């Protein structure tokens, strides 16, 4: 940027069309967050009505994560082939329909299936909205684009918590799911009036349709084998998370089977750059493992361990959700200032100072607990707002929506594991101790994976001929693309 450009406030670098595009995507993400967290808010009520065990109840949260990998793949490929807008609209219809079905669910299995539908829609929303906004904004503002967008999910969670305190005590838990579908008409109308992402239009102008991840996996020479593997992965995940299997050894074998299938899909779709894709899935897996025990089971902790009433639970969740939303925006500024990876590491390190106090002070002082949660979630959860920017930078425009959608949502299976692991540990420890220990220990793993830029580093070790040296979104060099002690300035920029 020139000196003159740098002196202009960042928000003046955006035109009206870019703001309208962001507003539409942000609203969709708010609705996504609203619909997705409803089950966490009413988990104890659903558990009581359906007569579920704690692990079965937690699996209803996990169900949405089980289907996310397939939703990210299919809807991401739709976004790569037909544009980001169509994928966004399809996604929002899916997760809204799933939310309505939850309200009518007569029992556990029906609600589990409805949550699978929500997961597919959520996955498509994440990949398509993130790529849409990031590709619509100027390169030097793309951490802000990512962070601001993801804040919508946390705002949706805050709104859901407030609606929960007003609706559930009067009309019951089913009414909450019926409300979740009402704003969808406005969102769909708004999305019909937004332009396509600039990067996608430039890449596809006058060119033949790209070969998407769906084309490679399900229309190529290995399509039969890939269809069989898809069904095998879906079946294995169903048995792992539907609360039917109690044998840990069988669950471990099925988990390894799924991992092998997902790695196979990544190798087929990314070719020589498969080490990068696999390591990105690992990064996201641990990102969910450290954050989602708190996200999923905090309402249960407040209601059971601290014996808070619905109104107090809503107030505490407001601080938590609002902190995460603010953190997404702060993370966007930090990312554009320090760089994506450095901002991520600094924010997570700061969050570690707060995680133990959050669960150590008990419930005597609601306001102190709320403030601690606000800052812990701002630093620990909010920084995940720039995760789409981090992941998307490893993929070209032609593969970005499916690459981001599949990679992120396979890794998001950590979010399916997290509440179940938390619930299992809580059978031997109190729930607060279980949540604090999981989050504190696994956050350090994420700090190492991102701080050392392990996707680029492992790519350099295993397939150096396909190493990407610079971020495909903002053009900045990857630290892991050079050995320790070498200068990043020596990197030669690769073609996108």
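Every residue, even glycine, has its Cβ placed from backbone N, Cα and C.
Per Swiss-Prot, the features are:
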TRANSMEM  22-42  transmembrane segment
TRANSMEM  58-78  transmembrane segment
TRANSMEM  92-112  transmembrane segment
TRANSMEM  116-136  transmembrane segment
TRANSMEM  148-168  transmembrane segment
TRANSMEM  170-190  transmembrane segment
TRANSMEM  224-244  transmembrane segment
TRANSMEM  247-267  transmembrane segment
TRANSMEM  278-298  transmembrane segment
TRANSMEM  313-333  transmembrane segment
TRANSMEM  353-375  transmembrane segment
TRANSMEM  406-426  transmembrane segment
Folded-back contacts onto the transmembrane segment (406-426), same chain, C-beta under 8 angstroms, at least six residues removed:
54-55, 58-59, 61-66, 68-69, 71-73, 76, 123, 126-127, 213, 237, 241, 258, 262, 265-266, 269, 277, 280-289, 291-293, 295-297, 387-388, 391, 434-435, 437-438
Cβ contacts the transmembrane segment (148-168)/the transmembrane segment (247-267), at least three under 8 Å, sequence gap 6 or more:
no
Are there at least 3 C-beta pairs under 8 angstroms linking the transmembrane segment (58-78) and the transmembrane segment (116-136), leaving out pairs fewer than 6 apart in sequence?
yes
Give residue numbers and ranges for long-range contacts of the transmembrane segment (92-112): same chain, 6 or more residues beyond its ends, CB-CB under 8 A.
28, 31-32, 35-36, 38-39, 46, 50, 52, 56, 59-60, 63, 71, 118-122, 124-125, 174-178, 180-181, 184, 187-188, 191, 242-243
Are the transmembrane segment (22-42) and the transmembrane segment (353-375) close, by which I mean at least 3 Cβ pairs under 8 Å that are 6+ residues apart in sequence?
no
Give me the stretch from 224-244, 247-267, 353-375 with the greatest number of Cβ pairs under 8 Å to the transmembrane segment (58-78).
224-244
Residue list, the transmembrane segment (247-267) vs rest of chain: Cβ under 8 Å, 6 or more residues beyond ends.
69, 73, 213, 217, 226, 229-230, 232-233, 236-237, 239-240, 274, 277-278, 281, 406-407, 410, 413
Residue numbers, six or more beyond the limits of the transmembrane segment (353-375), whose CB comes under 8 Å of its CB atoms:
302, 305-308, 312, 315-316, 318-320, 322-323, 326, 432-433, 435-436, 439-440, 443
